[in-house]
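Heads up: the structure comes next, in structure tokens.
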Amino acid sequence: MNSSSVKEDFVLVGFSDQPNLEKILFVVVLVSYLLTLVGNTVIILISSTDSKLRTPMYFFLTHLSLVDICFTTSIVPQLLWNLRGPAKTITALGCAVQLYVSLALGSTECVLLAVMAFDRYAAVCKPLHYAAVMNLRLCQALAGVAWLSGVGNTLTQSTVTLWLPRCGHRWLHHFFCEVPSMIKLACVDIHANEVQLFIASLVLLLLPLALILMSYGHIVKAIIRIKTVQAWRKALGTCGSHLMVVSLFYGTITAVYIKPNSSYAHTYGKFISLFYTVVTPALNPLIYTLRNKDVKVALGRLFHRLSGLE
């Protein structure tokens, strides 16, 4: 990091131009964060302790829940602090940590959702070979690839972004330190950085999205061939939750990273980012719980065991 960035704090402008909205957002963000912590912790607990949920689907869901908890925790506490009080600053070190951690976890989630789509493809299209294909070693390897992709991306993108000279510019028109908004503070030509960001977005956003769409293309073909209504409903049930989560996450994050300089991203960028950093992680546990019979049954068993301990 250059010397000027080490000495100066950053000002997160966020939603400070709308003080009445800040009060509403504080409540919404706080409630969403609590739902994220409780909901995802419950999913991790039941997936780890319930023997009937020790399948590849719930192995990856556990990783997704862990990513969501850490992702929101890297952003929300600072956001709540800034929404509540007049101070809108974040230290240079705090900004750097937030940038590295949030980008690593966001990138990990992109790849992890593609891995989960492949798991659903194997479950629906290769049911007889599912256990052999999605063995524990492969599941661990795929999860490892997702985490390493996130770490590799943030080590490259965040480091290059923080080394950009800013000539004293420290007013960040965002509510957290994120690459698209950070590079706009630079006082040099950032065309190369924008190209790098676009290429990284292609690899970690559009490539996983393409793999997801391919997986679901094969799943749709398999569902059409299913003759019984019960099997058809089961196939839809096992994919519906994941497809909904993918739509919520990719539908918002691509608007910010694929075309960061578009008028749409400039006008609504903060609200779009708020959705995929705060709202989506809170909705994920609800989606998987409300739409999944196995999770509901496992929750019942967990509450039964807990009540028996009293």
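Quick reminder: no glycine exception, Cβ is built from N, Cα and C everywhere.
Positions annotated as domain 'G-protein coupled receptors family 1 profile' by TrEMBL: 39-288.
Annotation comment: TrEMBL describes 24-46 (among others) as transmembrane segment.
The transmembrane segment annotation in TrEMBL covers 58-79 (among others). Outside the transmembrane segment (58-79), and at least 6 residues removed from its termini, the chain residues within Cβ reach (under 8 Å) are 12, 14, 29, 33, 36-37, 39-41, 43-44, 47-48, 90, 94, 97-98, 101-102, 105-106, 108-109, 112-113, 115-116, 119, 139, 142-143, 146-147, 175-176, 245, 277-278, 281-282, 284-285, 288.
Beyond the ends of the transmembrane segment (99-118), by six or more residues, the same chain brings 57, 60-61, 63-64, 67-68, 70-71, 74-75, 142-143, 145-147, 149-151, 153-155, 157-158, 161-162, 176-179, 182, 204-205, 207-209, 211-212, 215-216, 242, 245-246, 249-250, 253, 276-277 to within a C-beta distance below 8 angstroms of the stretch. What TrEMBL lists as transmembrane segment is 99-118 (among others).
The annotation transmembrane segment is assigned in TrEMBL to 130-149 (among others). Beyond the transmembrane segment (130-149), the same-chain residues lying 6 or more positions past its ends with a Cβ under 8 Å from any Cβ of the stretch are 56, 59-60, 63, 107-108, 110-112, 115, 118-119, 122-123, 204.
For 195-214 (among others), the entry in TrEMBL reads transmembrane segment.
Among the features that TrEMBL reports, transmembrane segment is placed at 235-258 (among others). Under 8 Å from some Cβ of the transmembrane segment (235-258) lie the Cβ atoms of residues 57, 64, 106, 109-110, 113, 116-117, 120, 123-124, 178, 180, 197-198, 201, 205-206, 209, 212, 216, 219, 222-223, 226, 264-265, 268-269, 272-273, 275-276, 279-280, 283-284, 287-288, 291-293, all in the same chain and six or more residues away from its ends.
Feature annotation from TrEMBL assigns transmembrane segment to 270-290 (among others). Sequence-distant contacts of the transmembrane segment (270-290) (same chain, at least 6 residues past either end, Cβ-Cβ under 8 Å): 14-15, 25, 28-29, 31-33, 35-36, 38-40, 42-43, 61, 64-65, 68-69, 71-72, 75-76, 79, 102, 106, 173-176, 178, 241, 244-245, 248-249, 252-253, 255-256, 296, 299.
Confidence for the domain 'G-protein coupled receptors family 1 profile' (39-288), expressed as mean pLDDT, is 88.
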